[in-house]
Amino acid sequence: MEKFPLKGSREIAAEGNSYITAYQSVLKKSNGHTGVIGDITGTQDHPLATSSLTKESNGLTATTTLRVDDDDDEMIDITPHSSPGDAGHGSNFNYKRHTSADSDIEGERELHYSRNHHHVPTHSAFGDTSDSGMAFYGASDPHDEIPGIGQYDDFHTIDWQRDIARDRMRHRYIVKKRQDSLWDLLKGAHDAWSGWLCVLFVGIAAGFVAGMIDIGASWMSDLKHGICPQAFWFNREQCCWPTKQSVFEEGNCSTWKTWPEIMGMARNGTSAYIISYFWFILWALMFAALSASLVRMFAPYACGSGIPEIKTILSGFIIRGYLGKWTLLIKSVGLMLSVSAGLTLGKEGPMVHIASCIGNIFSHMFPKYGRNEAKKREILSAAAAAGVSVAFGAPIGGVLFSLEEVSYYFPLKTLWRSFFCALIAAFVLRSLTPFGNEHSVLFFVEYNKPWIFFELIPFVFLGIMGGVIGTIFIKANLWWCRYRKFSKLGQYPVAEVLVVTLVTGILCFPNPFTRMNMNELIYLLFSQCSPGDNTNPLCDYKRMNITNGATSSIEVTEPGPGVYHAIILLLLAFVFKLALAVFTFGMKVPAGLFIPSLLLGSIMGRIVGIGVERFAYSYPNIWLFTGECVNGKNLITPGLYAMVGAAATLGGVTRMTVSLVVIMFELTGGVGYIVPLMAAAMASKWVGDALGRQGIYDAHIALNGYPFLDSKEEFAHTTLAADVMQPKRNETLNVITQDSMTVDDIETLLKETEHNGYPVVVSKENQYLVGFVLRRDLNLAIENAKRLIEGITGASIVLFTSAAPIQNLGPPPLKLKKILDMAPITVTDQTPMETVVDMFRKLGLRQTLVTHNGRLLGVITKKDVLRHVKQMDNEDPNTVLFN
């Protein structure tokens with residue numbers, strides 16, 4: 001696969017069909033010698049060779065690496081013009097690429113080339129090679145390193161069309177060779193199932209890592225309250241396993257020791273309370289400081305949720321190092337520490353980032369994916385599904401989350417592989433049983449009472465409130481993140497984390513609801529009160545039977561004083577957690593948003609549920625409840641309202657719908673409550689979209705200036721390509737002529753401009769389009785020509801044409817037709833921008849050339865499109881930061 005020099009490159013690289021014709025072959029042979037421009041500049045930099053995937057940013061780059069191997073098997077020879085016999089004479093430069101687990105992510109790539117004899121096809125990726133190409137006959141040391149071969153630049157966009165075309169050629173070649181020998185047949189079989197094998201490994205690793213994170217976070221969270229002296233590695237639940245006590249009942253567990261008891265004091269009392277308060281805050285500060293320090297020193301990309309960046313990466317952007325091994329290690333350890341510190345954050349969002357890192361690392365075991373950016377994104381989509389699967393124990397919800405929220409390109413085979421990957425990850429996680437019960441879901445609910453039609457009204461009300469709360473959170477969090485970004489506060493990330501942790505500890509310890517782990521509180525709010533439960537303040541009910549008509553009686557429950565006291569504490573918890581979440585999300589520690597959103601919604605839903613329950617108690621015989629009250633059953637389930645409220649708030653924050661409902665019923669096992677969840681999710685999305693267009697992830701993508709063209713939004717304006725292209729009319733367009741510029745002229749152009757590619761025209765006066773050439777290809781071609789070809793000087797004419805040069809007494813010309821893309825994507829100046837935007841979204845373009853009657857007028861890059869969209873929406877176009 002690495003053998004064909006496909007065309008590729010940087011932000012402004014020609015795309016699309018330009019490559020389809022250009023990919024017809026691999027290397028060139030000229031006069032008995034292999035053309036090294038196809039080898040050195042073509043393969044060497046031809047990003048079309050192997051693609052590397054971790055780049056993200058506003059720029060648009062393609063990175064690839066090309067390897068020409070010794071074995072003839074990997075040569076792609078499509079309709080060669082010469083017989084096989086005359087192809088073996090030429091000697092060829094062979095590039096070997098050694099890639100570590102995430103070499104192209106961390107930029108650790110070594111390419112060596114050595115002279116080897118090859119069977120070389122005789123026609124080029126870019127047209128006939130009979131006379132085009134620099135033959136670098138003068139290569140002296142076969143082990144010279146040629147820097148920068150075939151890599152994507154950081155913060156640039158990949159070339160979808162080129163990578164997909166390259167994979168098609170590789171596949172056709174494998175199919176063609178399959179009948180040659182048993183070995184080729186086995187290689188073809190391995191290629192066919194390598195995708196399934198890769199996602200199998202990703203699923204196993206993701207399940208194992210998630211289990212370790214769950215177990216470690218649970219143990220360290222309980223460490224803030226005490227320790228198990230007999231076995232310090234046990235958390236509180238494992239230490240007190242025989243007593244099966246509730247989270248509110250610590251006194252009956254003699255094996256678990258609180259910190260006052262460790263210090264020889266009583267478990268209860270004023271002094272014990274002060275000591276517990278002190279240890280609670282001290283442990284929290286230690287965990288938070290360690291997490292923030294690790295992130296700052298070893299992996300700055302390990303902070304935050306990671307989902308905005310994953311969305312941008314999957315849309316074709318490169319962020320080098322974002323999915324590397326250091327990011328994986330520090331994110332995993334830092335996530336355990338930041339969750340244990342008691343900060344208002346969850347581990348579910350970062351689990352998607354962690355799983356994507358695992359997917360990226362394993363993809364390098366399979367060159368089909370590791371060296372092709374577009375194919376690698378299929379593995380990353382499956383890994384994102386596995387991340388949600390292990391975060392919530394929701395494999396189907398994970399697949400739908402990857403499809404609805406994260407992925408940009410999601411073919412059907414990716415859906416199947418995502419399903420398989422999520423299944424394997426959930427199975428591995430279940431075998432580790434981190435949730436400590438017989439269920440593999442996070443918040444299993446025991447109740448299955450049917451809901452009544454009247455309850456749709458409060459369910460929709462919860463959806464409306466979820467949309468409002470989500471919008472308030474998004475706007476407040478964006479305001480704070482923007483302030484952090486442009487003020488001195490951003491220069492002190494560790495200090496900010498410590499201050500927020502200190503405030504969180506001081507505010508949360510006095511309230512028993514906020515003192516406990518957020519997962520425990522959500523489970524408590526979701527759960528149903530049993531008749532004998534006197535330890536949970538939410539279950540302080542007076543139970544009685546009342547008569548309904550002449551013959552039947554129903555059991556109703558009247559909330560007692562403990563319930564009203566709990567409501568006051570829950571309202572305080574809601575205010576504190578909402579405010580703390582605004583300041584916490586975006587700090588320089590691994591931080592997810594799912595659990596805080598679920599917590600806010602479940603508090604709101606439980607309070608509403610208690611209110612509806614009180615209403616049913618006060619008016620049991622009104623027409624709303626006619627026929628719904630049956631013997632021996634209570635009418636309203638407050639835990640169900642907590643579940644619906646949690647879904648509504650998470651939907652208001654993230655704007656998810658289908659995947660949200662599936663995640664919620666997988667999360668709780670409440671399959672019978674799909675309709676209430678759907679009603680709340682739709683109401684939440686409608687209200688959220690009415691109050692603010694973007695969800696939290698899209699808002700952070702815009703805040704960071706990533707070049708993300710949302711395929712869900714429509715471009716409704718009536719502008720034309722001529723309105724957007726650069727340069728504007730009557731301004732100078734930097735071009736290269738096909739046969740009249742010298743090496744010095746081109747080097748001067750490269751120094752004076754920063755464009756990532758240049759159109760090639762017939763002449764300055766006659767600007768008819770010939771093709772498009774990339775800055776990187778030019779730099780590498782000229783650099784290596786000067787080093788390897790005798791006689792090339794600054795006065796050498798650079799030729800992008802196959803015509804024989806006019807004989808003169810000057811230095812020999814430099815023929816660069818091999819690196820010219822002769823079929824770039826073009827539009828006319830009258831093309832509607834709606835069509836242009838669709839081309840960028842659906843074809844994954846990095847730029848398109850604008851012509852009028854065949855004459856070149858200008859260029860439209862992805863950055864131009866993004867800026868134009870923002871300008872038309874009355875937003876600041878300068879927020880698009882990357883090239």
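From the backbone N, Cα and C atoms, a Cβ is placed for every residue, glycine too.
For reference, TrEMBL has these:
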DOMAIN    725-788  domain 'CBS'
DOMAIN    820-877  domain 'CBS'
TRANSMEM  193-215  transmembrane segment
TRANSMEM  272-292  transmembrane segment
TRANSMEM  326-346  transmembrane segment
TRANSMEM  379-403  transmembrane segment
TRANSMEM  415-432  transmembrane segment
TRANSMEM  452-474  transmembrane segment
TRANSMEM  494-513  transmembrane segment
TRANSMEM  563-586  transmembrane segment
TRANSMEM  593-615  transmembrane segment
TRANSMEM  635-653  transmembrane segment
TRANSMEM  660-683  transmembrane segment
Model confidence over the domain 'CBS' (820-877), as mean pLDDT, sits at 89
| query | Counting only pairs at least 6 apart in sequence, do the transmembrane segment (379-403) and the transmembrane segment (660-683) share 3+ Cβ pairs under 8 Å? | reply | yes
Beyond a gap of at least 6 residues from its ends, the CB atoms lying under 8 Å from the transmembrane segment (193-215) belong to 332, 335-336, 347, 351, 354-355, 358-359, 362-363, 365-366, 368-369, 378-379, 382-383, 386-387, 389-391, 413, 417-418, 420-429, 431-432, 434-435
The answer for the transmembrane segment (635-653), taking Cβ pairs under 8 Å and residues 6+ beyond its ends, is 445, 447, 449, 451-452, 455, 458-459, 462-463, 465-471, 473-474, 522, 525-529, 538, 554, 556, 593-594, 597-606, 608-610, 612-613, 616, 620, 625, 628-629, 660-661, 664, 668, 670, 673, 676-677, 680-681, 683-685, 687-688, 695-696
*Segment proximity, the transmembrane segment (272-292) to the transmembrane segment (326-346), 3 or more C-beta pairs under 8 Å*: yes
If you count CB pairs under 8 A between the transmembrane segment (660-683) and each of 272-292, 452-474, 494-513, 563-586, 593-615, the winner is 452-474
For the transmembrane segment (494-513), the candidate among 272-292, 452-474, 593-615 having the most Cβ pairs under 8 Å is 272-292
Exercise. Quick one: do the transmembrane segment (593-615) and the transmembrane segment (452-474) have at least 3 Cβ pairs under 8 Å, skipping pairs fewer than 6 apart in sequence?
Worked result: yes
For the domain 'CBS' (820-877), the DSSP residue counts stand at 23 helix, 18 strand, 17 coil
